[in-house]
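*Asks:* Handing you this structure, nothing more for now.
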Amino acid sequence: MVAIKNLFLLAATAVSVLAAPSPLDARATWTCINQQLNPKTNKWEDKRLLYSQAKAESNSHHAPLSDGKTGSSYPHWFTNGYDGNGKLIKGRTPIKFGKADCDRPPKHSQNGMGKDDHYLLEFPTFPDGHDYKFDSKKPKEDPGPARVIYTYPNKVFCGIVAHQRGNQGDLRLCSH
């Protein structure tokens, strides 16, 4: 009887551990802090933006598999501090995503479509999950502050990054 109770407790514990979402689980919510200009006060204010990983992954799957060859130039290469030969640019620190496909140095040919190319792409993603109009020319749709990062050519989800202020400047990994 004691053995059966212990077996039941072990099984219940295993089920609850397995049911908990992993950090890169599609059910994850990513939080990005972005400074946005308040039009009433004309001052920059921190905004907490929430992104669904499932919606961000969906955005990346709707994006064409190209590097800047659309009307909007998205998706395009996310250098992550590297040159096209996989050498780290002096003074740059790459973002660590915690996935081998995402963290390895890139190989990016001149046109971005070489047989052995592997690199990261960035594509706009939004809290409401709508798809970015990648073929919009001028005026192109506002890409917002956040980007879903994924691999070329196999579209492995790496994470969500965001600009710290508006939609300009360095990109930082959002928390999840």
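Just so you know, glycine gets a Cβ as well, placed from its N, Cα and C.
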*Asks:* Choosing among Cys32, Cys102, which residue does Swiss-Prot name as bonded to Cys158 by a disulfide?
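*Replies:* According to Swiss-Prot, the disulfide partner of Cys158 among Cys32, Cys102 is Cys102.
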*Asks:* Check the Cα distances from Glu122 (active site, proton acceptor) to each of the recorded positions Cys32, His76, Cys102, His163 and keep only the ones within 10 Å.
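*Replies:* Hits: His76.
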*Asks:* Hey, of Cys32, His76, Cys102, which of those recorded positions are within 10 Å of His163 (active site, proton donor), Cα to Cα?
*Replies:* Cys32
*Asks:* Report, as a single number, how many Cβ atoms besides its own are within 10 Å of the Cβ of Glu122 (active site, proton acceptor).
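*Replies:* Looking across every protein chain shown, the total is 23.
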